[in-house]
Amino acid sequence: MLTEIFITPFADMVAAPDFLMQVLWEGLVSGILYALIALGFVLIFRSSRIFNFAQGIMVVFAALTLVGLYAMGVPAWIAVGLTLVVMFILAVSIERIVLRPLVGQPDIILFMATIGITLFLIGLGEIIFGGENKVMITEELGIPTGDTVLEPWDGLLILQHLDITVVVVATLLVAALLAFLNYTQMGRAIRALGDDHQAALSVGISLQTVWVLVWFIAGIIALVTGIAWGARAGVSFALEVIAYKALPVLMLGGLESITGAIIGGLMIGILEKLFEIYWGQPLLGGNTETWFAFVLALVVLLFRPQGLFGERIIERV
Amino acid sequence: MKDTDGYMTEDGRQIGGVLMEMKNITLRFGGVVAIQDISFDVREGEIRAIIGPNGAGKSSMLNVISGFYHPQEGEVWYKGERRPAMKPYEVARLGVARTFQNIALFEGMSVLDNVMTGRLTHMHAGIGAQALWWGTARDEEIANRRKVEEVIDFLEIQHIRKTPVGTLPYGLKKRVELARALAAQPSILLLDEPMAGMNVEEKEDMSRFILDVNDEFGTTIALIEHDMGVVMDISDRVVVMDYGKKIGDGTPEEVRSNQDVIDAYLGVAH
């Protein structure tokens, strides 16, 4: 038994390095999407201390809107533009109708409000677009669907072009977001608001503007993840589940840390894949990806309650 | 309009017309009267102090000026116009910058980034342009950066530019907060107990910076203190508050010899 846990998996990895590469690649693809969703969470949390439960449904809602608009005869790229407009309207409405009246309420109330948003969006999505599964308009958007076969070490490594596109686009988006946050005044305003509301007000930052902005960014992220995941698994309300994968990513990375979200996402994507292939399938009958991330996060929390990169809570007395 | 001519200070600085005027301000929290019918003005280029014992309502007054509190009665006049009730960030955009008694900095950000946020009121490029680091946004960022470096040099905090603010000692944090307010090139700078909790040396440093700021940039400064000594040295005119009421107003000498002020500070036999 011990051999199977501690020796066989590693022997397998060494014996078939091409297969290991394949596993790592697939882990990386999901990991970067987890990281992207987690970034959406972190932005909203940092600027308003709201734990946004609705991030998952926003992914579904964005994907549904895109596919739905296309079905109505709107050309693919115009549909993307219109979906962005819809996500912006959503951000403005959430700020106006939900957040503004609840300013200053305890965090848990705002958290409950985001659950309310989730339920509302599920209902709205079903009324407008129907509840049945749909196919993502992958080809219409010009996303390549073929694959490239590499042969490292006389083995086989298959890279789906879709996955390559996802990795490239997501990496660019993450890089753009980081640059925006670090090198523009509006980005500084977002970070500042999370640190100290009073001070932020005193330098002329409007809470409302920043909130609309971060919810809109979360909306853009939702659309990108929605397209990426929809292309692999179809567009349905089940997509919502992938956003909950962002929860262990956040626990791992820390709720406030942007770096943490990125590294946490990649770690979970890769580790859960490795575990599934080398330990899960041979020893536990597979399907470990559904719970592995949560267990990993729990173990990390036991030792570092603030997460790997979270702000350590120290109060000066 | 009256009082547009200003006056000359003892050290020969010309003080201009009225920049801000508080007219019959009354502020209540439920049944507690924090400020009762107070009027005073702040003139262009002057260092104006509001002093008084603890709980006199000084900080409340500063919060009224900066839009954090809204008085039940009275008017705030600014640059010759009556200012309607405004949110703090709107007041900031009118050129009113401030610091806080308990230091309100963005602890997770570097000193440079903190001071850069002071330039937010000078940001005109749209969010889209900023996101693309494009055209005016880029020029603005560079211009803002230049101004910020100037302020950082002026307040002698170059050596900690990249340091996260959370790790700095108290005295330096106060200076960074001043830098952030100054970066906004405010028409009026409000300082809430700039010397609170400082040792003698730090107080002297801070006094020097306040005088230099006023001298170099001609910034109008309104400050709150309860340490009378320092205030008397650096201010041109002083308002004295006690229990929410104004008990004195004038030059440091006038205020020092005012019997009500002496009673408020030293106590009086009943």
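Glycine is treated like the rest: Cβ placed from N, Cα and C.
Automated prediction, rather than curation, is the source of TrEMBL annotations.
As the structure is a computational prediction, the values presented were derived from the model and not from experiment.
TrEMBL has this to say about the protein:
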type	residues	note
TRANSMEM	A:23-45	transmembrane segment
TRANSMEM	A:52-71	transmembrane segment
TRANSMEM	A:77-99	transmembrane segment
TRANSMEM	A:108-129	transmembrane segment
TRANSMEM	A:164-184	transmembrane segment
TRANSMEM	A:205-229	transmembrane segment
TRANSMEM	A:249-271	transmembrane segment
TRANSMEM	A:283-303	transmembrane segment
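Counted over residue pairs separated by six or more positions, the transmembrane segment (A:108-129) shares at least 3 Cβ pairs under 8 angstroms with the transmembrane segment (A:77-99), which defines the two as touching. Touching of the transmembrane segment (A:23-45) and the transmembrane segment (A:283-303) is ruled out by the presence of fewer than three CB pairs under 8 A, sequence neighbours closer than 6 excluded. Listed by sequence, the residues of this chain that lie at least six past the ends of the transmembrane segment (A:249-271) yet keep a Cβ under 8 A from its Cβ atoms are 24, 27-39, 41-42, 45-46, 51, 174, 178, 181, 194, 292-293, 296-298, 300-301, 306-311. Away from its own ends, the transmembrane segment (A:77-99) comes close to residues 48, 50, 58, 61-62, 65-66, 69-70, 110, 113, 116-117, 137, 141, 208, 211-213, 215-216, 218-220, 222-223 of its chain (Cβ-Cβ under 8 Å, at least six residues beyond either end). When Cβ-Cβ distances below 8 Å are used as the criterion, the transmembrane segment (A:283-303) is approached by residues 4-5, 245, 247-249, 251-252, 268, 271-273, 275-276 of the same chain, each at least six residues removed from its ends.
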